[in-house]
Amino acid sequence: MKRNGFVPSNSVGRRGIPSNSTSSAIASAGGAVVWTGAGAGRVRARPEQVSVGPGTMSCVTDPREEHRLIAEEIEEARWRYYVLDSPTIDDADFDRRMRRLEALEEEFPELRTPDSPTQTVGGAVSTDFTSHPHLRRMESLDNAFSVEEVEAWYARLRRDGVEDPALLCELKVDGLAINLLYEEGRLVRALTRGDGTTGEDVTSNVKTITSVPHRLTGTDEFPVPALVEVRGEVFLPVEAFERLNESLLEAGKAPFANPRNSAAGSLRQKDPRITASRALGMVCHGIGERRGFEPQAQSHAYDALAAWGLPTSDQVRVVSTLKGVEGYIENAGARRHTIVPYEIDGVVVKVDDVALQRRLGSTSRAPRWAIAFKYPPEEVNAKLLEIRVNVGRTGRVTPYAVMEPTKVAGSTVENATLHNFYEVERKDVRPGGPGDPGDTVILRKAGDVIPEILGPVLALRPEGLQPWVPPTTCPSCGTPLVEQKEGDKDRRCPNHEKCPGQLRERVFFVASRNAFDIEGLGYEAAVALLDAEVIANEGDVFDLDAAALLRAPLFTRAPKKDEDGPQLSANGQRLLDNLDKAKQVPLWRVLVALSIRHVGPKAGRALATEFGSMAAIRAATEEQLAAAEGVGPTIAEAVIEWFKEPWHVEIVDKWERAGVTMADERDESTPRTLAGLTVVVTGSLVDFSRDSAKEAILSRGGKAAGSVSKKTDYVVVGENAGSKADKAEQLGVPVLDEAGFKTLLDGGPAAL
C-alpha cells in the first residue's frame, strides 16, 4: 500500500505499475511509434503527429520529437504512480517505452541528457560531490523536549505580538536534509544540507529517487515558477532498510546501523545505480529561494509542491490553538512506528502565515517561527559485557561499553559511548569478568541517533560485582595517561608525536570531509601506509609518489606478463591524483586537518577569514588571535600551544614544500573600501542574500560580524531587522539601508 507518496520497492512489477491500463502501441513499418493511450493525456503534441484517443498511434519521423514525447510519457507515468497513486500504464507498456527511448539514445547519443528517464536507472553518471552554495541558507530548528517547552515557545510568539496564529504541524522525518533547485521547472541541482550555507552536489543520485520529478508540472492555480529551492528529507523506509541489511549480511558486508545512516550512505554512492537500488524516498517540507511564486502560508506552499508533482506528506495539519498542537503531538507519538513507513523522531510546528514568519525572523541558527518537538528517546535494558577504551587523534582516551546486541529505536546496538572516565564513575556502570555477567544497563539512543548508557539497573546487579578500574596507560602505546589541566574530566595520552593510535587517527582525519576530503585515504589506507613505514606521520602524506606506494601492498597489484614486480594499482593511482587535487583546498580546511584542539570548521573559517594565510596566523600573538571574530581565548591558546611543538611546525612546512596552498587568494581588483571596519547586516535585503552580503564585506577587507557591539562600525538594516537595529540605535552605531550599504561597498565611509 502506498503512503505519503512512497511505494515499496517490492510492489507489483519492475516499476510497481499494475497491469490494468488500456493503453497500447502498434508497430509502424514506415516510422517510429508514438504512445497515445492512457497515461499520455498530458503530453502536448501537434495534431499532425499524434492521433488523439486511447490505444492509437502515429508515426513521427523526427527522432528528437519522438524522444521528447516518450520521455514526457515516462515522466507522466512515474508522476501518476508515485505521487497521484493513479497509474495508467502497465509494466509491459512502461518497459516498451523505456526500451524505445534507450534505442533512440543509442542511435542519437546527443539525446542522452542528464535528465533523460534512461539516466535514472541506466548507466552510471559521474558523481564527484562538488560543493555548491545554497541560494538561501538552510537553517536548523530549535528543539523542545517537553510540552512545556513548546508552550514557552508559543508564549514568546505572543510576547512578540503574534496573537492566535494558525500553526502548521508535521512529522519530523529522521532522514537526510536535501535541497532541490528547479529552474523553469527543470531539476538542475540537488544539494545536501552541509553547513547550511554550502552543500554537496548529489544531483545524479537524487535523480534516481523515483518520487523526485526531473521536471515540475504546473496547474492553472500553481504555474511552474521561474526558480524554486525545494527543501525536504530523503529517507529509507524501515522495511527497505531491513531488506538492505539482510542482503549486506548475506554478502558478508557490515550492515548499516539505522535507516538514516543507510539513507545518507545510499545517497553518497559514487555509482548512481547503487543509489537507485536502495528504494529511497523523499518528503518535501518547505521552500527556500523562489522567483515567480510567493506563498501566503506554509500550507499554501505545500499545496503548490504537491501540484508541481513533488512528494509531500498527508500527515500535515493546520490547527488554531496550542491545544491542537499538543493533540497532534500526542496522536502522532502514539502511532510513531506505524503512522508512516519511515522513521520519525518528533513533530515540527510552524507559524503558517508567511508574513508573520518574515516578521519574526531568525536567530543566528534557527527561525523563531518554528520549533521541533523531539519525542523522548527510547530506552531499553541491555547486558553490559565489558568496557573498552580507545585513543583519538588529539590523545583523548574514551571509554565505551560493549553490550550484547540490543534493539533500540529501530537499530541493533552493541557499542555505546561512556564519554570519559568521570562519567563511568558517576554512572557507576560495572562490567563483568571473563565468563561472569556484568550490569544490566539502561540504554538510550539520545536524539534517536547516538546510543548512550544512562546507568545501571541496580536491582539486577550481580552480587559482588566490582567497580570498573580505568586504565592508567594508553591502550595504544602504553604511555601513562595525564590530565590536560587540573580537574579535566578527560584523560589523554601525551605521546602525541609517536603514539600509533593517534597517528592512525590523524592520518585518517587528514582525508576526512571537513579537512582535505581525499578519497582513497580511508582508515585502512592510513594503517597500511603507517605499517609499511611509507609515512612517519601526516606531514608525509603529500610527499607520496608511485615509488612510495609500491612499498604498501594495499596499493599494488600483481604484474602482468610483460611487467616486472608489483605494480601500482588503480586505487593507488587514484590516491595520487586525489592528493594532487587536495593541495588547492581553502586555508580553513588546512587548519582543520592539523588536528589542533578546538579548531573545527567554524574556528578554521574564522581564522582564515581574519588572517588570510598560515604565515599570518603563525605570526599572530595570542591576543590577536583571540580578538578575531569567532575565535576567542580558548581557541587562541590552543593554536599558540600547538605551534610551540617543532614537529607540528614541521608538518606545516612539509605540506607547504609539497605544494599545499597556505593562503587564500583574494581578488586584488576589488577595492579594499572596508579595511579595518566591522559591519553587521540584519534583516532581508533585496539584492543580497545573507551569504552574498557577508562575502561582499569580507572581499573588501571588512569584518562581517554577527552581533552589534561598541566595536561595530556600521549596521545595515533590511526588512524585518529585529533587535539588532534597536541595539545599534542604543549604542549610537551608524545605521544604513541597502542603498547606503552599496555606497559603502563602492566608496567606503568617505562616500557616505
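Counting starts with 1 at the first residue shown.
Glycine is treated like the rest: Cβ placed from N, Cα and C.
The active site, N6-AMP-lysine intermediate annotation in Swiss-Prot covers K172 and rests on sequence analysis. Of all Cβ atoms in the shown protein chains, 22 besides its own fall within 10 Å of the Cβ of K172 (active site, N6-AMP-lysine intermediate). DSSP gives K172 (active site, N6-AMP-lysine intermediate) a strand state.
DSSP assigns K350 (NAD(+) binding site) to a strand in the three-state reduction. For D91, A92, D93, F94, D95, S140, L141, E170, R193, E233, K350, K374, the entry in Swiss-Prot reads NAD(+) binding site, with the evidence type sequence analysis.
Its Cβ taken as reference, C474 (Zn(2+) binding site) is surrounded by 23 other Cβ atoms within 10 Å in the chains shown. Positions annotated as Zn(2+) binding site by Swiss-Prot: C474, C477, C493, C499.
Residues or ranges marked as region 'Disordered' in Swiss-Prot: 1-25.
Neighbouring residues of the recorded Zn(2+) site, listed in sequence order and excluding C474, C477, C493, C499, comprise V391, G395, T473, P475, S476, G478, T479, P494, N495, K498, P500, G501, Q502 (Cβ within 8 Å of the Cβ centroid). For K350 (NAD(+) binding site), the nearest neighbour among the recorded positions K172, C477, C493, judged by Cα separation, is K172. When the binding-site residues L141, C477, C493, C499 are compared by the number of other CB atoms within 10 angstroms of each CB, C477 has the fewest.
Spatially close to R193 (NAD(+) binding site) yet at least six residues away along the chain are M138, L176, A177, I178, N179, G199, judged by Cβ distances under 8 angstroms. Rounded to a whole value, the Cα-Cα separation of K172 (active site, N6-AMP-lysine intermediate) and C474 (Zn(2+) binding site) is 42 Å. In this structure, the CA atom of C493 (Zn(2+) binding site) is 37 Å away from the CA atom of L141 (NAD(+) binding site). A distance of 40 Å separates the Cα atom of C499 (Zn(2+) binding site) from that of L141 (NAD(+) binding site).
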